[in-house]
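Below is one structure; the comments refer to it alone.
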Ligand SMILES: O=C(O)CCC(=O)C(=O)O
Ligand SMILES: [Fe+2]
């Protein structure tokens, strides 16, 4: 059931925005994305990430020892990324509040024990466009800080079907996933969490 919008340090969280049937339909479309563009474990200068990733859309987010960037081709298959699934685009159009569609859809796969350190999303060209993030599967502890590094933070559990929007003054806040509660959802075969993050990169 959809709940009241929650605001966490300027980040809008829409609890239960995507109902159970729509979550299952989205997962099926994401499985097709992963078939065309296999998930990879990014290795950054800090070592391998615990989150596995793939992308859809014109540009995918790619990380390796040279750094990270948006790229038009999957680094392993050499193929363009598959199109952004319709079910995912529909969520963007419903909540983003802009007339432009995203050109990047990052799919983050959190298997047991995976997490994501505090960071800003700042590889895009125009921060007036929001970042829209969709949670599927196991619930995750999402931490939000400030635009500046350090300082106080606040946290919320993101559950399957929740949507978060980072826009306006909250577009560049630091954020991360501290942990995922294994077994809290049965949506994803093999367990875990999928986060789908939509961005206008330009
Ligand atoms: O998994 C999440 O909810 C956050 C993902 C994220 O911050 C990112 O991909 O930049
Ligand atoms: Fe992020």
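Cβ atoms are placed via backbone N, Cα and C, with glycine included.
Look at residue 149 (substrate binding site): DSSP puts it in coil. All protein chains included, residue 149 (substrate binding site) registers 9 other Cβ atoms within 10 Å of its own Cβ. What TrEMBL lists as substrate binding site is 61, 68, 69, 70, 123, 149.
In sequence order, 27, 30, 107, 108, 109, 110, 135, 136, 137, 188 make up the list of same-chain residues 6 or more apart from residue 194 (2-oxoglutarate binding site) whose Cβ falls under 8 Å from its Cβ. A strand conformation is recorded for residue 194 (2-oxoglutarate binding site) in the three-state DSSP classification. The annotation 2-oxoglutarate binding site is assigned in TrEMBL to 108, 109, 110, 193, 194, 195, 196, 197, 198, 199.
For residue 175 (Fe cation binding site), applying a Cβ distance below 8 Å and a minimum sequence separation of six or more within one chain yields 11, 118, 119, 120, 142, 143, 144, 145, 166. The Fe cation binding site annotation in TrEMBL covers 119, 121, 175.
What TrEMBL lists as domain 'Fe2OG dioxygenase' is 101-202.
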Whole-number Å value for how far residue 196 (2-oxoglutarate binding site) lies from residue 149 (substrate binding site) (Cα to Cα): 24
Close-lying binding-site residues around ligand 1 among 68, 123, 194, where CB distance stays under 6 Å: none
Sparsest Cβ surroundings (other CB atoms within 10 Å) among the binding-site residues 69, 119: 119
Listed binding-site residues with Cβ under 6 Å from ligand 2, out of 70, 108, 121, 149, 196, 198: 121
Residue 121 (Fe cation binding site) and residue 70 (substrate binding site), Cα-Cα, nearest whole angstrom: 12
Cβ-centroid neighbours of Fe cation site 119, 121, 175, 8 Å, sequence order: 118, 120, 122, 166, 173, 174, 176
